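Asks: Below, the features straight out of Swiss-Prot:
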- 4-24: transmembrane segment (TRANSMEM)
- 51-71: transmembrane segment (TRANSMEM)
- 86-106: transmembrane segment (TRANSMEM)
- 112-132: transmembrane segment (TRANSMEM)
Amino acid sequence: MFDITLLILLALAGLGFVSHNMAVTVSVLVLIVIRMTPLSAWFPWVEKQGVTVGIIILTISVMAPIASGTLPTSTLFHAFLNWKSLVAIAVGVFVSWLGGKGVALMGSQPSIVAGLLVGTVLGVALFRGVPVGPLIAAGLVSLLIGRQ
């Protein structure tokens, strides 16, 4: 029996590998394992809660330097005194807002996710880009197409 979904997942894993995007490669391979085992019963939960869990893990990793003391509080306070840091804060606020629009768009139009993934992988492979978050890319798409 020919499974086109499995073929697509394998192609995405291959693109991730070729483009040195280990996050895509590992993610797709994990999804293949889930798909081909009894763990597939977890797909509804992953589809519903996956982005939230991922954002929580990402937030933990971003805040870890503050919690560990690697980023001293004095550095945080100085961020409000330097114009470059203030620009970084403004960009951070904008990107967070954009990511929120991306989450909404990906939830309302899941077909866009494949395009974002392929675009990210191609950008990494062909233009030596770095795999930026698909949430931000989805946010930009939402601004361009006027959705969410």
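Cβ atoms here come from the backbone N, Cα and C positions, even for glycine.
These numbers come from a predicted model, not from an experiment.
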Asks: State, in range form, which of 51-71, 86-106, 112-132 has the highest count of Cβ pairs under 8 Å to the transmembrane segment (4-24).
Replies: 112-132
Asks: I need to check the long-range neighbours of the transmembrane segment (51-71): which residues 6 or more away from its ends have a CB within less than 8 Å of a CB in the stretch?
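Replies: Contacts with the transmembrane segment (51-71): 103, 106, 135.
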